[in-house]
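**Q** This is the structure I have questions about; it appears just below.
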Amino acid sequence: MSGIQPVPGAKPLSMWQQYGPSEKTVRGIVIGGITGGIEICITFPTEYVKTQLQLDERSATPKFRGPIDCVKQTVNGHGFFGLYRGLSVLLYGSIPKSSFRFGTFEYLKSQAADERGNLSPVMRLLCGLGAGLSEAVFAVTPMETVKVKFIHDQGLAQPKYKGFVHGVGCIVKAEGLGGIYKGVTATMAKQGSNQAIRFFVMETLKDWYRGGDNTQPISKPIVGLMGAVAGAASVYGNTPIDVVKTRMQGLEAKKYKNTLDCAMQIWKKEGFFAFYKGTVPRLSRVCLDVGITFMIYDSIIEFLDVYWKKQQ
């Protein structure tokens, strides 16, 4: 329930106004979805390289010598757009993921903010955590599982997936619906910690920059810089979780009993630094990703605020 109460003598509130989500929550859902679609089209190549490196397990003859070599081999073998293989799968997931993330955060923030619209440090962390868990369960886990399997499949000599629908059908047929929820525990841990760190850092930097005055504007380059800092903090905070999640969602996930077993096998067979495999491409991707995401999100909100005020 939105908590909106009718004013005596005023026009009766509709069912949507009384029981539906608040305006900020709806804006978070819609604008978040638009933001997610734009952002993933810009940053996908680094996501592709990161995933390829994490799936390239240590062996006597590793396929890639690093991120640059991965890019070279991909472009030489498939052309420039080879770096965009699997984009459609991630695009299908990025829009709902971003919608759940920002919609949930805006809802939780509206419930936890003080009279000036600011969050306490603990609430920043908890609202970010809630946003991450929401996107993990409802969007990230199924779509990331499909994405990782697609990218892994495209690296094989004879790919078996002919397209998004065919690929999902093959996965469900072979593994059941549970096949697209492989690694859900690791994904919840990853997304929860990711967004807890990012929103905490972002809201803290914004509050510091504004001096506690929530009405003060922040230029878009500064928002982008804050987003990059928040992204970098999340990378160093949870890359090990990301590595385990990727292994659990790959085509060879069946060799692991569960998330803990996957982590133990990586530790025993590959050592501590295997948990930070793919950090360089992930760092560049995430800093760019988070910076762009918050810039786009804030820009669309400002644009719509001006438009809506003109309509009133």
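The count begins at 1 with the first shown residue.
Cβ atoms here come from the backbone N, Cα and C positions, even for glycine.
What Swiss-Prot lists as repeat 'Solcar 1' is 23-111. Per Swiss-Prot, the feature transmembrane segment maps to 29-49, 75-95, 126-146, 164-184, 221-241, 286-306; the stated evidence is sequence analysis. Here Swiss-Prot flags 122-208 as repeat 'Solcar 2'. If you look up Swiss-Prot, you'll see 218-303 marked as repeat 'Solcar 3'.
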**Q** Cβ under 8 Å, sequence separation of at least 6 from the ends of the transmembrane segment (29-49): give me the contacting residues as numbers and ranges.
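**A** Hits for the transmembrane segment (29-49): 21, 67, 70-71, 74, 83-87, 90-91, 94-103, 151, 281-282, 284-285, 288-289, 292-293, 296-297, 300-301, 304.
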**Q** Please give the sequence-distant neighbours of the transmembrane segment (164-184): residues at least 6 beyond its ends with Cβ less than 8 Å from one of its Cβ atoms.
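**A** The answer is 88-89, 92, 136-137, 141-142, 145-146, 149-150, 153, 244-245, 248-249, 253, 259.
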**Q** What residues elsewhere in the chain lie close to the transmembrane segment (221-241), defined as a C-beta under 8 angstroms and at least 6 residues from its ends?
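**A** For the transmembrane segment (221-241), the far contacts come to 186, 189-190, 193-194, 197-199, 201-202, 205-206, 209, 263, 275-276, 278-279, 282-283, 286-295, 298.
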